[in-house]
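Working notes for the structure below.
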Amino acid sequence: MRALYPGSFDPLTLGHLDLIERGCSLFGEVVVAVLQNPGKSPAFSLDQRLEQITQATSHLQGVTVTSFNGLTVNCAREHHAQLILRGLRAMSDFEYELQIAHTNRSLDSEFETIFLSTAAHYSFLSSSVVKEVARFGGRVEHMVPAVVAEDLKRFFNSAL
């Protein structure tokens, strides 16, 4: 079975990576789909995020890294995914993700959304929190894969 895991991943966190690993274990294949969102100003370019995820998942079998714009269900169909994988950190995530899942279902009833709760030790993580910590010189090695930690240091050092 193939799961689509969509997101902006700006940057990829260890919480994201944990979900990818667990998704591979449960479903066999995970397509990590990086959203090209023209409405956002990401810290990392699309190519950088694709490379970060590719490097961080190189130890896993069954991971494909791609990008998309537009509707998640169209990306899922294009990559022959049977389900959409999403992570939940808190109840606030659930309310938002449930709304998106219902929207996706209304667009194409073929796709189910599977929610996995985040591992407790990653429940505080978000890409926004990671960038904020890195911006002020805090350690992020326990929050992101090594390749991302190095890229964050370079990004914020060059911004000074």
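Note that the numbers count up from 1, one per residue, in the order the chain is shown.
Cβ coordinates are placed from backbone N, Cα and C, and glycine is handled just like the others.
In the three-state DSSP classification, Glu97 (ATP binding site) falls within a helix. Spatially close to Glu97 (ATP binding site) yet at least six residues away along the chain are Arg86, Leu88, Thr113, Phe115, judged by Cβ distances under 8 angstroms. Residues or ranges marked as ATP binding site by Swiss-Prot: Ser8, Phe9, His16, Gly87, Leu88, Arg89, Glu97, Tyr122, Ser123, Phe124, Leu125, Ser126, Ser127, Ser128.
The feature substrate binding site is assigned by Swiss-Prot to Ser8, Lys40, Thr72, Arg86. Using a 10 Å radius centred on the Cβ of Ser8 (ATP binding site) and all shown protein chains, the other Cβ atoms total 16.
According to Swiss-Prot, the site 'Transition state stabilizer' annotation covers His16. According to DSSP, His16 (ATP binding site) sits within a helical segment.
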Inset, instruction - Using all protein chains in view, find how many other C-beta atoms are within 10 Å of the C-beta of Leu88 (ATP binding site). - result: 17
Legend entry - Among Ser8, His16, Ser123, Leu125, Ser127, which are recorded as binding-site residues, the nearest neighbour of Lys40 (substrate binding site) by Cα: Ser8
Legend entry - Least surrounded among the binding-site residues, given as Ser123, Ser127, when other CB atoms within 10 Å are counted: Ser123
